[in-house]
């Protein structure tokens, strides 16, 4: 809540009952997004580990459940964090969009309100967000409580624990916004909490820790400027207070929380350097300058950061206050994208994308947050963490280049098409745009050249998750023993350019039985040969290239062709795999014949340990109609996570995805076929009880052991125990444990044995 919104907000309440771091700058091979609005794209992306290195989506007035539903798309769009609207109680259950301000007049300091959802809804959101590596930042209102239509009077709906008069300042409402004491000790249209009071601080600590314990990983403090400090302009003053030291210092998990405050800059009494000692701050002066620059078409004032340290601020084009008070509503979608491209490609700051509301409170807002240009900029920001910036204007100040270190650049052009010719530190090469505009730029001898289209956003950098894939083409992405694989190599950008001969140096399973094979020239620095996969291969075929003197070994990574599985997927099942290969370090083939099977292309989107190291792998359609892809399960994995995309649509198992345990050796529990609701599977057990038991009982259920059942297993000749079960409708997760005749249990050290079940 800002000063500039205060007077208008007060009238509404009565009516309703009331920095540029100079630096210059590996050429990458970007894949252009095809969809204008994306759910996921067919590229590898990985979110930053820390909130401070990523971008934040302000899911303004979205309900907790609507945010949870969109988490897969939010992660795919490159957002590391989601800011939720205030979670505290409200004095009315209205969900009318014009009553958005209700959330900024809290009746308590506890989680749950009629507009966004309950405590359990919030906790469930946080739990699911963790699976995607997404931080949940809560907008909290700690400066004041709800009024009854009269600014100084507490609303009747306010919780009884906040009706004690000693919890409030009684100094009236602020009229002199240039007086620091008035700004912090008087009201801003609502009853002003006595934040020097230990009782008020204790309540704040309890509430904020409730949020943290439920899974919140950060906070935005609304109206932080109106809560005094004991530094700067407040030091040794009668109104000085220790709210921030005591409250922030008492938070659980405090070292891992991302905290920022609304401290609107006025250049006089904002005392902003004091707040920077405790938290990050909104770059309010910069967002005004940026918005003005975008509206005028002269980007000169889009430079700088409004006098703030970019490493201590959250920057944006518009906030909810500015939108709701008509300061930014006139921005077009194109202007919003252009402003976002500048704000989010800057160094140091955490950019906040405000999602404009389109319906009642609780509804999801408009779709611009997942526009292909917005997503391209998000990914650029994530890839540029730690890189300095070099800003310059072009095209009569209608275009800006934000170059980040030596890794990449974003160009925002609000003017007509122009020919670019400017110094750069990017490496020589051709750079395709990651955004929606179809064009490319060339870097040669320290200069970037090309045509920049009118009203365009160009994003150039290297984000290829498989370095070297631009110069190697395989006839088979995975192969079985005895298969022939044709390898085509483009030496045009390598040390082997213009070589008179090129040999394929290849072997298997770490270059065992390595040998060289002469390749055939196709002209234009392209070479080709065909090999037959040996029967001795257990993991993969390895190869690199040489002319006898120079080498191309993919910067030490070499190239690999994984060994495909001999497993035959079961007809009629949407997902299948050989669960005996769920071993860290093994190749693992996933077969897919689900909702996207008739698409022209399907990619496997996968990660490990809760979606770490996410990447996409193109699948190949086999003669049985299944799409298949083979991955090497990382040695560090405990779980494998996956879903499927055709580049514009997703099959994520009705928002449940697929999650499988991985093992360090032969899995103790195997299933075949892969579990699917309403279908039969065979369960094989070879765990700690298997060898000595005279009988084994399978105890199983779905979705957290709902309606558990017991079934006797039958011992097989190979020592494993077998039971066949039919999964019920709605089953998306099969849960299992085992016990022997004496009642001894094997429940996987209280974790049970769990397999995702296809349920769509």
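Even glycines carry a Cβ here, placed using N, Cα and C.
Swiss-Prot names 184, 192, 226 for binding Ca(2+). Of 143, 147, 148, the residue it gives for the same site is 143.
The Cβ of residue 222 (active site, nucleophile) has 22 neighbouring Cβ atoms from other residues within 10 Å, across all protein chains displayed. When the Cα of residue 143 (Ca(2+) binding site) is compared against those of the recorded positions 222, 262, 321, the shortest separation belongs to 222. Neighbour density for residue 184 (Ca(2+) binding site): within 10 A of its CB lie 27 other CB atoms from the protein chains shown. Proximity to residue 262 (active site, proton donor), defined by a C-alpha to C-alpha distance within 10 angstroms, is shown by the following recorded positions from 184, 192, 222, 226, 321: 222, 226.
Cα to Cα, residue 321 (site 'Transition state stabilizer') and residue 222 (active site, nucleophile) are separated by 11 Å. In sequence order, 143, 144, 168, 169, 171, 185, 186, 226 are the residues near residue 192 (Ca(2+) binding site), counting only same-chain partners six or more apart with C-beta under 8 A. On the backbone, the CA of residue 184 (Ca(2+) binding site) and the CA of residue 222 (active site, nucleophile) stand 13 Å apart.
Looking only at other Cβ atoms within 10 Å, the busiest spot among the recorded positions 262, 321 turns out to be 321.
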